[in-house]
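Report on the structure given below.
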There are 2 protein chains.
Amino acid sequence: MDITFNNDPKLNIVLPVLYLAWQDNTLTKKEFDTLNEFINKQEWITKAEKEFLKSKINLTSPPSRSEFYHWKERIDRALNEHKKPQNLTELGLLIANADRPAFTDDDIKKIAPSFAAMESELGIMSREVISGFQSQKNTLTDKHNTVESFDVKKLTSLLDGSQAAIINKVKELIATPEFAFETSTDIMVYRERVLEWSKILAEHGLGSYAYPKEHGGKDDIEGYFSIMETLSYHDLSLVIKFGVQFGLWGMSILSLGTEKHYAKYLKSVGTLELPGGFAMTETHHGSNVKGVQTTATYNHKDRTFTIHTPEKYARKEYIGNAANHGEMVTVFAKLVIDEKDYGVNAFIVPIRSKDKNVLEGVTIEDCGHKMGLNGVDNGIITFDKVVIPYENMLDRFAQVNEKGEFESPIPSDNRRFFTMLGTLVGGRIGIPRSALAAAKTGITIAIKYGNKRRQFGPEGGSEVPILNYRMHQQRLMPYLANAYAIHFGLQYLTKRFINRTENEMQEIEALAAGMKSYSSWNTRNTLQECREACGGKGYLSENRIDDLKNDTEIYTTFEGDNTVLMQLTAKNRLGEFRKQFGEMNVSSIFSYVLDQAKTSITEKNPFATRNTDEQHLKDRSFHLNAFLYREKEIVSSGARRFKKLVDDGLDAFDAANVMHPHMLQIADAYLDRVFLEQFQNQLDLVNDTGVKEVLIRLYNLFALNKIEQHKAWYLEQGYMEGVKTKAVRKLVSQLCWEIRQDAVPLVDAFNIPENCLGAIVTNKAAEA
Amino acid sequence: MDITFNNDPKLNIVLPVLYLAWQDNTLTKKEFDTLNEFINKQEWITKAEKEFLKSKINLTSPPSRSEFYHWKERIDRALNEHKKPQNLTELGLLIANADRPAFTDDDIKKIAPSFAAMESELGIMSREVISGFQSQKNTLTDKHNTVESFDVKKLTSLLDGSQAAIINKVKELIATPEFAFETSTDIMVYRERVLEWSKILAEHGLGSYAYPKEHGGKDDIEGYFSIMETLSYHDLSLVIKFGVQFGLWGMSILSLGTEKHYAKYLKSVGTLELPGGFAMTETHHGSNVKGVQTTATYNHKDRTFTIHTPEKYARKEYIGNAANHGEMVTVFAKLVIDEKDYGVNAFIVPIRSKDKNVLEGVTIEDCGHKMGLNGVDNGIITFDKVVIPYENMLDRFAQVNEKGEFESPIPSDNRRFFTMLGTLVGGRIGIPRSALAAAKTGITIAIKYGNKRRQFGPEGGSEVPILNYRMHQQRLMPYLANAYAIHFGLQYLTKRFINRTENEMQEIEALAAGMKSYSSWNTRNTLQECREACGGKGYLSENRIDDLKNDTEIYTTFEGDNTVLMQLTAKNRLGEFRKQFGEMNVSSIFSYVLDQAKTSITEKNPFATRNTDEQHLKDRSFHLNAFLYREKEIVSSGARRFKKLVDDGLDAFDAANVMHPHMLQIADAYLDRVFLEQFQNQLDLVNDTGVKEVLIRLYNLFALNKIEQHKAWYLEQGYMEGVKTKAVRKLVSQLCWEIRQDAVPLVDAFNIPENCLGAIVTNKAAEA
């Protein structure tokens, strides 16, 4: 009788190992050697049986397909009939003893060690392998799915608040057929479409919301921001065209001009009868706008101004509405009277006639194709001694009097300029809110896709929605939490701005500059992750992430380069700190040290720095203290470091240069704290239990994810020890897993019009 | 006589403070209060003098413009005539005493404390302010610039190595007028241009480099990679079209077919007479390609195969060359014989006639507009029972014999499939090298722009190149170092691949999968930073970052999603670890513990973990040990954690899910170590002193920047203490400052054709 596994049941004890060797891995030389030696050593089998087993590990003659299947059947049968074996040898034993006992307990005791050694040498993780052998159709990963634990409508109404009516009005409008996305790649076609859309918005009275009632508006700046934000679910070229026309152009008149300008221009700006732009940036002066070189020379004789571009790179660049549609622009230029420079002032300068001919002395080039926002007609304007009338100076902060003398309530050119800029801070509220809307759209697309896209699955089970994978959750859930956190923070910024007093202006400007950077960077990161999370689908333009990503790409640059804006924010924080502590003289140092010492006692004791209790890690005051500690420590160390650099003889400019990266940290820590506080405040205001609970989960994720991101700093400071930061990481992972179940309702609560979500979401048939 | 500063010199002592209050800040209520109280307290001035001073801090009547200038003049004069005063009071004293002594030493002693208190209360950093008052035309920041410390040509020749000839040939070609970039936004125009370019390359014999000599090639796979990499300085649609045609399509025939296929197809593939594609991915199966559903049913009667798409989402998607130009594609389909599934195999399937008509049974849709690579005609293919001849099965790894039976030297479907994929690993070498070239182009553009773009500057000095700012350096220099590190690493991968033995294949596949992810993610991050670093200029399509960024965006997804590939790499590492240590039995645990203990003695002792000595921080063995420690610890903790999860009863699939983020870390730590080692090896090979020194600087930046990025982990492990990680950060900053001087020559060494660098670089006139 031939030796076979059927004829010689005891040999089946090695079946699982053989199966494994041939299934998962190439049978390597090392594996062959191990098995060969193992077979040689076995004393319970004959030489012939050894040869038979060796024939099963012959590299040149692998088991046939049917034999291989047969092995698997035996393994399956054994696993179905018995409780889970502990290792492959136990499993083999079950097969060998299946019909009648082939091994006695004594036999087993004898042979077990060599089997264990062999398994170990092969690097086999027995239980994992056995688990993998079994058909798993009911894994935790598979079963996890969407649970609607709260009333989505209630959360939407919490997000929309008092602005629900205008938000819904805009949403209805952008869902109409007239607002079908433009798919032409011809930028001229696209620009005309965007102009057409803008006109429709103006017809519905949406352009003039922020203007005074007496000039056709609604005196409702909050409404203006809501419109801009809601439009941002749709086409972002439209948003920027809208922002250039009604925001930058109109608001420059309102903020820098006086009643005569309002009366003359505002109404036709609001209706889009008078398209215009905002010409501040020059080729050689972007971030450093104070350095613009365009001149506005006062002519005593006829009380006019001559606007002139003194050299090529003083031309106005990237000006929205300039390439095709604008008829006038607000030009920022150095006022020159009798050859004396009176600093940067603003002037209304006509550039095109009503029939769209470029006026004499004005040269306009097209900025051409851009990475995104191709529906906006950005242009480059050069002025060759263009004469404008006296009234065209926007004269709220400075005038030329009848004697031709310069007059201003603000003597310093510097301060006047920054006061002028300060009145334009609205742009730094509109942009981060628009950026947030784009991030919300992106995360909605990625989460809805991840919820239905299935890929891979447990052995023998069906494929699993990719949103059930931990890695996928950890890529997306923190950005979902950020979207909520930033929403509440930007609401706070908006309210602070609307209810501002003069004294608060500097703080609000710094806050807006910081939040603009924070939100636009978050959008950049969110959309990047969403694109990758949607794989190839995310790359197709029909699925929207293309436009969302490329259009918002410039949000980190325009309205102020983020890196520069963060310096502004940090400067303000450092200024506040210095006002409080001065130059670290004896008494202030004493009070500072006392303050730090208090922290040491309450937060930096060994119990606190090693506390991994979940309740503690979810404690709001733990979060707030940790955020505040980081903020205070970074700002105070910044002040000390700067002082030391200067004391050591470094030039102030050089010292500031060394400090740049530190300054970014100051701004970041400050903003994190403000967003955290606003999220906390929001939690206190919610009554509905379901909504509150899900927001608490999101809040915890936001707070702990930030701590996790900055854990190196906390560890360096000794504020936390490794055991605690590891517990934070684990909890972040756990929260992502939990929030995955809320993810779809949470993005549904953004209530984004379905036509804005791209084909992968709206195409029901694509569901797996 | 009226009280004025002229008439009453002693009052000039407060001039600096007044100037400061009106210049830099809005005079806030608090500042007013402080100054008002200060004036009231002064006993050395009369009531009238007090009133005079108070008139100078009147919020409703600020100093006139000319008065303000006058103050500044006095301050400037004092600073020019005397050594640097220590605080504003000293400065004021210099002004007050300018003509004749207004204060005696005794006076000063009396009044000094109240002045100091006032300055402190206002939060004035005296020395910084005084430094700011002075015209600084010679700051360190200003003076820093490009220094050519080495021979650029020598570095280029080091980078190009043995491939210089073919690299230069390709560079010459892409600099010819025929290769002028296509600017049309019409994707059909663009696709035809790319096809035209591809034909030119084929005419020059560049398409068939990798094919056997007897089939028109040069048997030079290394040359093929060099061509693809060099082309990547130019248009990336061309690179992908090239890769699809000559790589995926041609290499699938070479790798999966046999001699008869080579003879029939390879020559016409290499000349582009036979355009084709690679149809693996299906709508519902991308990452999990093993799950493709397309069937190839064997017909016994006439020995043909019927290729069929069984359901809508089993259609082949994203297939390059499919929408317009391809005539045949390699289709991956499940082979079915007598209703039995024999796993995934590959077949050549005609889809278009020579005159470009789509063949019967084949339906092709266009993938439409994409985020990038719009010069590539990606399409969706559906097969409706398309019959192909017997010979069209690519039969290297499996055949249907004459009896109609399936035969294969590799019995497991799984293993056979992965063996097939393994032969296609070349794609995972070409893509990271192409990604690297795009990163090199981006960093070249950003560094050259940063070197000439000036913005801001010291008070009174000219504006400074933005590359002189620390923040800007820290944004770009690490990516410059990465570009070199990845260059050397990918050269190593290429050489390993070319000289591979069968035994090494799994390791090389894992390495390629990991390096593809590492390089494409690095390119994503590099180009993002470059775009932002170039501001608005970076957003204009003419400056190339648009296309570079959007074209490479999909590199993180195609040829395998990075997140999935990193799991593959990690799985391989974990497998290697287990082979070494098995299931942590007594003896392996003992040797492992011993190994760890050795680390503890040499690297984790208090001296080492707190060592901030620069020589130590730049020590190669410190780097290598730190990288190795991270790699080993993460892989071994991964093995332990996985075992524990399974031992605790978690299903293997669930345990794998929990482990995903950890697995990513395993792959990342492994790759970091390989790149570090290769950079180190390279340093040993360089003889030229100048080149060696600059490479050492770059190497140090690469190594320390990675440690800085992972410092949280090192701190958690107690491998470094805060004092050391802070020293690392400082050294990274210092290295960025130093390498800024080498930055332009270092990117010049990439020797990228100038026409590939965009208008901001090539337009000489734009230089400031």
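Each Cβ is built from the backbone N, Cα and C atoms, and glycine gets one as well.
In TrEMBL, annotation is done automatically, which means it is predicted and not curated.
Mean pLDDT for the domain 'Acyl-CoA dehydrogenase/oxidase N-terminal' (A:197-269) in the predicted structure: 97. Under the heading domain 'Acyl-CoA dehydrogenase/oxidase N-terminal', TrEMBL lists A:197-269.
According to TrEMBL, the feature domain 'Acyl-CoA oxidase/dehydrogenase middle' maps to A:277-386. DSSP labels the residues of the domain 'Acyl-CoA oxidase/dehydrogenase middle' (A:277-386) in these numbers: 6 helix, 54 strand, 50 coil.
What TrEMBL lists as domain 'Acyl-CoA oxidase C-alpha1' is A:422-571.
What TrEMBL records for A:624-760 is domain 'Acyl-CoA oxidase C-terminal'.
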Report task. Kindly report the helix/strand/coil residue split of the domain 'Acyl-CoA dehydrogenase/oxidase N-terminal' (A:197-269) according to DSSP, in that order. Result -> 53 helix, 0 strand, 20 coil
Report task. Could you tell me how many residues in the domain 'Acyl-CoA oxidase C-alpha1' (A:422-571) are helical, how many are strand and how many are coil under DSSP? Result -> 121 helix, 3 strand, 26 coil
Query raised in the report: Using DSSP, how many residues in the domain 'Acyl-CoA oxidase C-terminal' (A:624-760) fall into helix, strand and coil?
Result: 116 helix, 0 strand, 21 coil
